[in-house]
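Peer 1: As listed in TrEMBL for this protein:
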type	residues	note
DOMAIN	194-337	domain 'Peptidase S54 rhomboid'
REGION	44-66	region 'Disordered'
TRANSMEM	155-173	transmembrane segment
TRANSMEM	193-219	transmembrane segment
TRANSMEM	231-249	transmembrane segment
TRANSMEM	255-276	transmembrane segment
TRANSMEM	283-305	transmembrane segment
TRANSMEM	311-334	transmembrane segment
Amino acid sequence: MAWRGCVMKWAKTEFLRSINTTSRSTRLNPQNQQRCGFRREAKRLETKKGNVTQETKPPPPPKVPRPSLFKPLMFTVGFTGCSFGAAAILQYETLKLRVRNAKEEAESQKLLQGSQDMTYWHDWWDQLSGFQQQLILLVSMVDDFWSSLTDGQRTVTGIIAVNAVVLCCWRIPSMQRSMIKYFTSNPASKTRYLPMVLSSFSHYSIVHMAANMYVLWTFSSGIVSLLGKEQFLAVYLSAGVISTMVSYMCKTATGRLYPSLGASGAVMAVLAAVCAKMPEAKLGILFLPVITFTAGNALKALVAIDTAGLILGWRLFDHAAHLGGALFGVWYVAYGHKLIWRKREPLVKLWHDMRSPGAGGSRPGGWW
């Protein structure tokens with residue numbers, strides 16, 4: 001009996017130890033904690049209603065409405081018309097000023113002829129100080145350099161200067177917010193009209209600006225000799241706005257609403273106009289002068305690259321703006337010049353009548 005009681009007591013003790021050990025290991029086992037937590041979380045995600053089990057789903061992302069492009073389109077049409085109208089009036093005023101200056105110069109030459117000799121100018125030069133003489137020589141050198149430039153190069157000098165000033169403004173930290181708002185074009189932005197013009201004079205990268213301005217400088221002589229400086233300015237400004245409008249349309253259609261900047265669209269219009277008008281002209285690469293190709297082949301290659309970039313979704317350049325500018329340049333030299341510029345005479349005659357009331361038609365030889 002004593003042995004049996006000891007055995008029963010020993011068995012009861014071992015049984016209690018095993019129960020305590022199992023319960024302690026269950027509490028300390030992290031796997032069991034994860035399973036219990038997973039089961040409880042699963043029960044929370046499931047809601048039973050009758051015999052149907054439903055799972056909660058995250059709400060769908062809000063849909064971004066596509067911006068309306070009607071007002072930017074109207075701005076593009078209005079700005080293009082105003083650009084060509086202002087160019088026609090500017091050409092009229094320039095020709096009128098040239099005729100007036102030519103008459104005054106001829107009269108002054110008659111008055112000064114024989115009245116003074118070289119001794120007078122030598123005496124005047126000797127009376128100047130050394131600083132004044134150096135300043136006059138410097139101004140004379142600048143004037144000689146300016147006179148050696150072509151009409152196209154003198155015209156684009158102002159465009160290059162404006163681009164350089166805007167590039168410097170990008171480096172000022174306090175102006176970053178204003179530069180992004182007004183000098184980058186984005187169809188999703190609240191300010192969409194003024195950036196269509198200003199973004200064509202805006203470059204953030206020095207390399208980007210240098211490449212665009214080099215191409216513009218190279219083709220400026222050809223385009224200005226072909227169109228004249230006033231018509232060239234109208235084409236350049238209109239091409240910048242039209243290329244941005246084409247970019248707006250492509251961005252809105254694809255849903256890729258990102259900002260862009262640069263004069264590439266306007267420069268492509270200039271390049272395309274010259275290449276379309278003179279397709280047999282020989283062109284070369286700056287660092288590879290041995291390689292030459294015709295202007296027509298260069299235009300085809302550029303259009304093909306931008307088309308591929310637009311289809312494949314390349315984000316390095318704004319290929320839609322490039323294509324818009326190139327197509328506008330080709331269209332203008334083929335049809336636009338006849339449709340727009342050759343019909344400017346009624347506007348110029350109206351301006352002439354406004355400037356000189358009662359003089360309209362009094363001079364059959366011209367407006368001035």
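Cβ atoms are placed via backbone N, Cα and C, with glycine included.
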Peer 1: Have the transmembrane segment (231-249) and the transmembrane segment (311-334) got at least three CB pairs under 8 Å, pairs 6 or more apart in sequence?
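Peer 2: Counting Cβ pairs under 8 Å (6 or more apart in sequence), the transmembrane segment (231-249) reaches the transmembrane segment (311-334), since there are 3 or more.
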Peer 1: By DSSP, how many residues in the domain 'Peptidase S54 rhomboid' (194-337) are helix, how many strand, and how many coil?
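Peer 2: When I sort the residues of the domain 'Peptidase S54 rhomboid' (194-337) into the three classes, I find 107 helix, 7 strand, 30 coil.
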